[in-house]
Amino acid sequence: KEKKDEKAMNHMMEDLDTNKDGEVSFDEYVGLITEAKQSSRVSETLSMGNATSQKDWEGDKGED
């Protein structure tokens with residue numbers, strides 16, 4: 001199992017390291033936190049039933 005966890009961690013680090021310098025910078029870390037927070041808000045909104053359709057979620061763009 002440890003090899004599987006190590007592989008998953010390496011993959012995650014590769015995704016975070018957007019400039020491919022072998023390190024996760026502060027800006028890259030902030031991007032992760034921002035994305036996680038937005039994802040959490042989407043999940044909360046959908047689970048509360050506030051967005052009943054794709055149109056509700058995206059907002060009415062006047063395209064009918």
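Positions of Cβ are set from backbone N, Cα and C atoms, glycine also.
Bear in mind that TrEMBL entries carry predicted annotations, made automatically and left uncurated.
Note that the structure is predicted; figures quoted are calculated from it, not measured.
The compositional bias 'Polar residues' annotation in TrEMBL covers 38-54.
Taken from TrEMBL, the feature compositional bias 'Basic and acidic residues' covers 55-64.
What TrEMBL lists as domain 'EF-hand' is 4-39. In the predicted model, residues of the domain 'EF-hand' (4-39) average a pLDDT of 90.
The region 'Disordered' annotation in TrEMBL covers 38-64.
As a summary of secondary structure, the domain 'EF-hand' (4-39) carries 27 helix, 0 strand, 9 coil according to DSSP.
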